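Asker: Below, the features straight out of Swiss-Prot:
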- Gly220, Ser221, Val222, Glu223, Val224, Gly225: NAD(+) binding site (BINDING)
- Glu240: active site (ACT_SITE)
- Cys274: active site (ACT_SITE)
Amino acid sequence: MFIDGKWIIREDIDVFDPYTLENIEKITALDREETKNAIEVTEKHKEIMKNLSPSKRYKILMKVAEHLSSKKDFFAKTISIDVGKPIKQSKIEVDRTLTALKLSAFYAKELRGETINSENGLIFTKKEPLGVIGAITPFNFPLNLATHKIGPAIATGNSVVLHPSSKAPIVAIYLTKIIEHVLKQMDIPRGVFNLATGNGEIVGDEISKNDNVNMVSFTGSVEVGESISKNAKMKKVTLELGGNNPMIVLKDSDIKLAAKSAVKSKFLNAGQVCISVGQVLVEEEVVETFTKYVIEETKKLILGNPLDKNTDIGPLISPESALRIENLIKQSVSEGGELLIGGNRQNSLISPAVINIDEENILSKIETFGPILPILTVKDSEEAVNIANNSKYGLQAGLFTNNINNAMKIADELEYGGIMINSSPTFRKDNMPFGGVKKSGLGREGIKYTVEEMSETKTVVIHNI
């Protein structure tokens, strides 16, 4: 759609407002040959990015942050319309994006190698870019997750082809316009950054297969991640995939705090968050109290128009997604789950649901990606850990306890990429390592760590003459 400094404008794909269901935009869908061309252009410009000084890369990122900051309200509103995210959550996403850009700018100047002692001469290392980064991003955080890939790519001197989700591409288009403006202002050829909109089956597939792409950075579903991993052959990949993230609540914890955390975290962005609470594993002595607090907190939530400042939960990304959640609730109940509150659907809206389940229930095994909070009673921490680890996923886990010995023991036992103690799994800072084990992903994100992933270490040895 934006290739080699030129916009390709067609009306190929309808984009809908998830709340009103109105058609808000028609966008270009690149075919395979156009996608190949976008990648070829990106590849031809990789030397330009490589040769930019660290201070110029820093300046690009800081200028993008500056322009974005001047349009914070516009971008927050666009996120809410594009995704259905409540406006107060969209504003937080914009702020986090600014942090990610500024951190990326910082690391543009911090790229450094090391000197290694040698009796026979000098050994040193230097960091170099990989070349072309294919960034494939999801709908749920269309601005922040894009900059988590674009920022480190630019910081390390890579050229970029960005493929946003076709479900919510509008934010990426406006971000690209800012990048275009900055590159033009700095007299840098616009072909160093290209935007490839369209269907993932074509555009994303070509990016993952194309030999001119040196690394694919993908955030999305396990199924697509596995496909990318197979297609990528020997190219580098980072995959940030899904999870059924457990939150363990022990009897010695602050039960009210745990309940508030579970509700706030589970229903963020209507549950459409990869690190959303998948299930809460509660010791039997306190499960009744915990459940009471959860229902009280859930009743306080306001469901509705994402542009209303009082709204806590907006729509899912589409009516089809909401129907899938409605059917999951029905299946859970048919398997013995007890629906305690919520679960009513109207178009793309689903009222937040709380369900008592057991380990064999469908909700204990999958990533729901919607506003369902399953509660599962356990005898003790050992059973909780066993259930949590009996999963193909391993993204993040939460643990509530006031016993530091329990906390450290369970943190060691849990098979997850991140363990949040006295917090839900839904915790992330933009500079912490982030990623999962098992089928939840490969590699780590977080600006500092993505910079490492997107650069190569070259060793230089100078022998005594």
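Using N, Cα and C of the backbone, Cβ positions are placed for all residues, glycine too.
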Asker: Reported as an integer number of Å, what is the Cα distance between Cys274 (active site) and Val224 (NAD(+) binding site)?
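Answerer: Here the two Cα atoms lie 14 Å apart.
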Asker: Neighbour count, 10 Å Cβ-Cβ cut-off, for Val222 (NAD(+) binding site): what number do you get?
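Answerer: Here the count is 19.
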Asker: Measuring Cα to Cα, how many angstrom lie between Val224 (NAD(+) binding site) and Glu240 (active site)?
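Answerer: Cα-Cα distance, Val224 (NAD(+) binding site) to Glu240 (active site): 11 Å.
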Asker: Hey, what's the Cβ neighbour count for Glu240 (active site) at 10 Å?
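Answerer: Neighbour count, Cβ to Cβ under the 10 Å cut-off: 27.
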Asker: Quick one: which residues besides Gly220, Ser221, Val222, Glu223, Val224, Gly225 have a Cβ within 8 Å of the NAD(+) site's Cβ centroid, in sequence order?
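Answerer: Near the NAD(+) site, the remaining chain residues are Phe218, Glu226, Ser227, Ile228, Leu239, Leu241, Gly242.
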Asker: Within 10 Å of each Cβ, count the other Cβ atoms and name the one among the binding-site residues Gly220, Gly225 with the highest count.
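Answerer: Compared across Gly220, Gly225, the most Cβ atoms within 10 Å surround Gly225.
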Asker: How many whole Å apart are the CA atoms of Gly225 (NAD(+) binding site) and Glu240 (active site)?
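Answerer: It is 8 Å, counting Cα to Cα.
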Asker: Cα-Cα, whole number of Å: Ser221 (NAD(+) binding site) versus Glu240 (active site)?
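Answerer: With the alpha carbons as reference points, the distance is 8 Å.
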Asker: Name the secondary structure element type, per DSSP in three states, that contains Glu223 (NAD(+) binding site).
Answerer: helix
Asker: Among the recorded positions listed here, Ser221, Glu223, Val224, Cys274, which has the most company in the form of other Cβ atoms within 10 Å of its Cβ?
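Answerer: Answer by Cβ density within 10 Å: Cys274.
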